[in-house]
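Features reported for this protein in TrEMBL:
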type	residues	note
COMPBIAS	777-786	compositional bias 'Acidic residues'
DOMAIN	17-430	domain 'Amino acid permease/ SLC12A'
REGION	746-810	region 'Disordered'
TRANSMEM	12-36	transmembrane segment
TRANSMEM	42-65	transmembrane segment
TRANSMEM	86-110	transmembrane segment
TRANSMEM	130-149	transmembrane segment
TRANSMEM	161-181	transmembrane segment
TRANSMEM	201-223	transmembrane segment
TRANSMEM	235-256	transmembrane segment
TRANSMEM	276-300	transmembrane segment
TRANSMEM	333-352	transmembrane segment
TRANSMEM	358-379	transmembrane segment
TRANSMEM	391-408	transmembrane segment
Amino acid sequence: MTARLIKQKAGFGTAPVFLTAISTILGAVMFLRFGYVVGNVGFAGAVAIVLIGHVVTISTAMSLAEIATNQKVEGGGEYFIISRSFGLEIGGAIGIALFFSQAISVAFYVIAFGEAFSPVFDFFTDQYGWAAIDKRLVTLPATLLLALLIIRKGADVGMKVLYVVVGTLFLSLLMFFLGRPDSGIAGGFDALMNRIDNPDSFFLVFAICFPAFTGMTAGVGLSGDLKNPKKAIPIGTLAATLTGMVVYIALAYKLAISATPEALDADQMIMSKIALWGPIIPIGLAAATISSALGSALVAPRTLQALAQDRILPSTPMNQFLSKGKGDTNEPVNASLLVFAIAIVFVAMGNVNFVAQIISMFFMVTYGSLCTISFLEHFAADPSYRPAFRSRWYISLLGALMCFWLMFQMSAPYAILSLVVMAALYLTIARFNPDRGGLARLFKGAIFQISRQMQVFLQKSSRLAVAEEEGWRPAVVCMSTSSFNRLDALNLMRWISHRFGFGTYIHFIKGYLSRSTLEESRQVHTRLVRLADVSGSNIYMDTLINPSYTQAVSLVAQLPGISGKENNLILFDFDKDAPDQLDAIVANYQLVASADFDVCILGSSERGFGYCQEIHIWVTPTDFENAGLMILLGYIILGHPNWKNGQMKLFAIFPEDEINEQKEKMLSLIRSGRLPISAKNVELIIRKPGAKRRSIIQERSKDADLTIIGFVGQQIRHEKADFFKGYDSIHNVLFVNSTQEIELYDEEEDQEASLAEAAAEERKKEKHRKKHGEQPAEPDDIEDPEETIKVTEADNQEEPDDPGSSGGTA
């Protein structure tokens, strides 16, 4: 007894993989439909169909052999390989489709098995005048007997039967090839080129024939029962594929020289008229179909059992029931019951062509997925991918492309239907299994490679490009110690990097690198990534451990940008109510400014960003060079959905004697496009003697959700941290310092655009006047664009100590 159990646990060798695959390849289509193929497309067309089909099957077989020799293949065969490569969500969707195609294949082969009894039924009809006998009188009992065999005896007896039926199959092929051609057939080249008049289209014939080639992965479903899957799967699968290709080409030649195209097209059992002993062909057909049905009946329950063990199915009781096996070999008895229930339904339908098209599409999806896995593994260049058998990336890519192309060539409606079914399965599995690996895992390695190549390309191109020819976009890096206490900096980064920019967020951990700080860093990083995921941001999260804040700033300033281009803007943040961090930020301003970084310092308040409705930008004569960056940042922020109903206003403070000159300058900048803001959203404020800038800002922007204020290095040197204090009456404040002039628009292009826009507007007004019978406007009635810029006076508010007015900044 012990010896028998050890033998059972040892598993099968390579032969069952080969026999299961070859018995499915040389099955019903070969006996019943391949004469039709040769009759419609001729010998050359049949060979072309065989070769095209085997481009897919050989590519898939090589991909499968490669993947199987890289990882331990457990129960579930193709499903196991796909799910462990693509993740359980995508793998589960493909696995369910694969299971149904395997279960329906049982019905397909049993229905074809019934065709083997056609000569017997015809004999009784001719000799005794019986009515036409329904083949389901044979196929339904045959299905029940097959179910009883598999459920009672399992894979072990299935293999024993498989040896017998495969032997009968090869005997029938030998008798066929030893048979003589019909006496009325012309031999030689003419016979090879013959085909019927008005034949079916090439791809219709291909669609009918292709299921013959799809059996090469049938043996993979036995992976859980194999002694050494890494050896048995590649050898057995490739051997069956190549053997099948040789047999089909030889079969096409034999048929072409042995019968007329008309006879090949009309007579499903033409092979029996050519064989040395005619009755061997129906016997071979019965053996081929029953062996194919047996092969599918062995692998389908194992696929379903593996799906249930991975809890892919939506019901927990269903997963528990179907995952249970019997005995030491874990025979999937419960899964077999469902397989044969499905098979009986389709056998009762009795429509071979309908069943065949469904099977072909799902097998194509499976094969395409296997080839795609192999291609992506090659492209990803993962060091852990070290298969003992090596294919080539272009073979896998060709196989994948051919699979999806042929799906639509065979039947576009069925192809679309199968893809819709796959998408529905994926969404259902994702809903019931939200914690499983999804689409991100599918292209993870490939994305790494593409990212690397793109970063190198962008780095090289940015070095070669002329700076003036490149449009500016923010590549922001932020270093903060309060990532979980204040979310304002993270939100600002999220808005900037939503579409137009790139963001890198660094959480600073003060201390020396050690086991404890490294563990803290990992925990913080996990929290940051989860925070970014919940907020739906496009920010790259990381941590930095250093005992010195200045050294940390220096390291952050030298970090490469995630876009492949250098970072150009650095963001700091502090709490306006407790500005302890300000001194360290100000002390390191010169460090980052010397590295040509634009600098943003965010002062956070308890009110945060309010309702994200209004942004106020403040400009003074001393910091006018910051206007371009401030306005651009305002527009970028407004581009985020959180600010979809927001608006931006520009306030400029000038002495009374400069107001007219600055007004003209402002209008000129607006008209040229260098200041991209509507004149109606600009307000010039006359600053009276004694009026303090900070007081003006706090009064006018008390309801703004974000206030942007410019600053220059001279102000930092004179006032240090005091420059950023005293804005307690308003929401969050973003202080901006630009180290370079930012051209927001090309002046010539914008002037042309402005003229075109003005002309279009005038045509629109003229059309309106004609429609309503109005007179053209008089010159005095034309709106003066200068009137759209509002000019006001600042209140004469006294403030004894205004840091903003010292150092020539007022």
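Every residue gets a Cβ built from N, Cα and C, even glycine.
Counted as Cβ pairs under 8 Å, contacts with the transmembrane segment (42-65) are highest for 235-256 among 86-110, 235-256, 358-379.
Here the transmembrane segment (161-181) has Cβ contacts under 8 Å with residues 16, 19-20, 22-23, 26, 149, 187, 247, 250-251, 254, 257-259, 271, 274-277, 280-281, 283-285, 287-288, 290-291, 294-295 of the same chain, all six or more residues outside its ends. Between the transmembrane segment (333-352) and the listed ranges 130-149, 235-256, 276-300, the one holding the most Cβ pairs under 8 Å is 130-149.
Highest Cβ pair count under 8 Å relative to the transmembrane segment (12-36), across stretches 130-149, 276-300, 391-408: 276-300. Between the transmembrane segment (130-149) and the transmembrane segment (86-110), the number of CB pairs under 8 angstroms, six or more residues apart, is three or more, so the stretches are in contact. Summed and averaged per residue, pLDDT over the domain 'Amino acid permease/ SLC12A' (17-430) gives 81. Outside the transmembrane segment (235-256), and at least 6 residues removed from its termini, the chain residues within Cβ reach (under 8 Å) are 14-18, 21-22, 25-26, 30, 34-35, 37-38, 42-43, 46-47, 50-51, 54, 57-58, 61-62, 64-65, 173, 176-177, 191-192, 194, 212-213, 215-217, 219-220, 264, 270-271, 274.
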